[in-house]
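See below for the structure under consideration.
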Amino acid sequence: MSEKKINLLDLDRKAMRALFADLGEKPFRADQLMKWIYHFGVSDFEEMTNINKVLRQKLAARCEIVAPEISSYQKSTDGTIKFAIHVGEGQEVETVYIPEDDRATLCVSSQVGCALECTFCSTAQQGFNRNLTVSEIVGQIWRVSHFLGFAKETGERPITNVVMMGMGEPLLNLANVIPAMDIMLDDFGFSLSKRRVTLSTSGVVPALDKLGDALDVALAVSIHAPNDELRDILVPVNKKYPLQEFLAGIRRYIAKSNANRGRVTVEYVMLDHINDSTEQAHELAQLMKDTPCKVNLIPFNPYPGSPYGRSSNSRIDRFSKVLMEYGLTVIVRKTRGDDIDAACGQLAGDIRDRTKRLAKKRMQENQISVTMN
């Protein structure tokens with residue numbers, strides 16, 4: 001039985017250099033190889049013309065460059081593209097490309113499903129199967145870049161920003177997310193600015209501290225409620241890491257960070273008559289008074305079976321005006337890709353749910369139906 005080949009997309013520069021040392025090669029050879037992979041999108045060692053033939057043969061014998069494949073894609077009327085990415089065992093995660101005039105953002109997944117149970121999120125209702133590997137995370141960027149077209153002559157990449165806001169909670173997969181983001185930031189990797197790579201979290205506080213010790217990227221935090229009582233329902237991880245503990249962790253992170261320029265982005269999904277009253281806006285402003293931030297209000301994007309509705313424009317407007325009275329910077333996110341279920345909270349993929357969450361939900365619904373009948 002032949003030995004399994006090393007997928008080079010799993011290796012950050014430190015690991016890549018260690019591999020080359022094991023091959024008896026100098027560190028700069030690893031840098032050359034990474035440039036071929038991430039700047040020019042090359043996966044065939046024979047195309048790497050500044051690497052000698054003997055080394056190319058060694059690499060071909062021991063290594064491979066394999067990104068997950070695109071199973072299908074849908075294009076929105078606004079230009080947003082949602083990709084279904086095959087990650088084995090019949091499972092898919094979803095990745096979303098969002099083009100704008102001044103940037104091109106890719107929303108990347110970190111898990112097959114999600115282990116958290118946020119009640120307004122479609123991904124959470126699908127359950128959880130496993131963490132994505134480094135190659136499956138960076139492979140989403142690599143594969144979509146291929147789809148959009150690497151600039152072979154200049155090395156210019158078609159993606160300018162990456163947000164870890166797809167399927168999954170990134171802080172529950174730190175072992176793979178940290179090296180993946182290292183590759184995104186590395187000059188020989190995707191060469192993105194730390195201000196153009198954003199990680200979004202629902203508040204796994206110990207892992208947030210570990211992230212802050214490991215690297216510096218922009219941080220977005222999913223708050224979604226102005227108090228623990230409501231957040232316990234909407235974002236159940238709050239029962240383990242309540243708001244004040246989460247906010248203290250956020251302040252520790254931004255104290256270390258240059259990428260955040262001294263403040264964090266607060267994400268707040270607007271749920272009709274659930275968390276969108278003017279009283280709750282005052283409460284949110286008071287909650288955030290000691291945590292430098294800008295607030296991103298996200299109109300809820302319904303999905304089949306969702307128990308919530310989207311706040312009206314007038315309620316969102318009143319809510320935002322209250323926050324601005326406190327001197328907060330407020331942005332109402334423009335919904336992108338909702339006609340193809342690619343908007344915030346709508347990603348579902350195709351998941352073999354190890355948590356059996358959907359099955360349990362259906363059983364509960366059947367029990368309720370029997371009781372009512």
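Cβ atoms here come from the backbone N, Cα and C positions, even for glycine.
What you are looking at is a predicted structure, and each value in this text was computed from that prediction instead of being measured.
As given in Swiss-Prot:
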| type | residues | note |
| --- | --- | --- |
| ACT_SITE | GLU94 | active site, proton acceptor |
| ACT_SITE | CYS344 | active site, S-methylcysteine intermediate |
| BINDING | CYS114, CYS118, CYS121 | [4Fe-4S] cluster binding site |
| BINDING | GLY168, GLU169, SER200, SER222, ILE223, HIS224, ASN301 | S-adenosyl-L-methionine binding site |
| DISULFID | CYS107-CYS344 | disulfide bond |
| DOMAIN | 100-339 | domain 'Radical SAM core' |
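Projection of Swiss-Prot feature records onto the structure.
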residue	record	Cβ neighbours (10 Å)
GLU94	active site, proton acceptor	25
CYS107	disulfide bond	27
CYS114	[4Fe-4S] cluster binding site	29
GLY168	S-adenosyl-L-methionine binding site	29
GLU169	S-adenosyl-L-methionine binding site	26
SER200	S-adenosyl-L-methionine binding site	21
SER222	S-adenosyl-L-methionine binding site	25
ILE223	S-adenosyl-L-methionine binding site	29
HIS224	S-adenosyl-L-methionine binding site	25
ASN301	S-adenosyl-L-methionine binding site	22
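Look at SER200 (S-adenosyl-L-methionine binding site): DSSP puts it in a strand.
Counting other Cβ atoms within 10 Å of each Cβ, the lowest count among the binding-site residues CYS118, CYS121 belongs to CYS118. Summarising the S-adenosyl-L-methionine site geometry, the residues cited as binding it (GLY168, GLU169, SER200, SER222, ILE223, HIS224, ASN301) extend over a maximum Cα to Cα distance of 19 Å. When the recorded positions GLU94, CYS118, GLY168, SER222, ASN301 are screened for a C-alpha within 10 angstroms of the C-alpha of CYS107 (disulfide bond), the residues that qualify, in sequence order, are GLU94. SER222 (S-adenosyl-L-methionine binding site) sits 12 Å from CYS121 ([4Fe-4S] cluster binding site), counting Cα to Cα.
Cα-Cα distances to CYS114 ([4Fe-4S] cluster binding site) place GLU169 within 10 Å, out of the binding-site residues GLU169, HIS224, ASN301. Mean model confidence of the domain 'Radical SAM core' (100-339) amounts to 93 (pLDDT, 0 to 100 scale).
Distance noted between the C-alpha atoms of GLU94 (active site, proton acceptor) and SER200 (S-adenosyl-L-methionine binding site) is 16 Å. Taking CA atoms as the reference points, ILE223 (S-adenosyl-L-methionine binding site) and CYS121 ([4Fe-4S] cluster binding site) are 13 Å apart.
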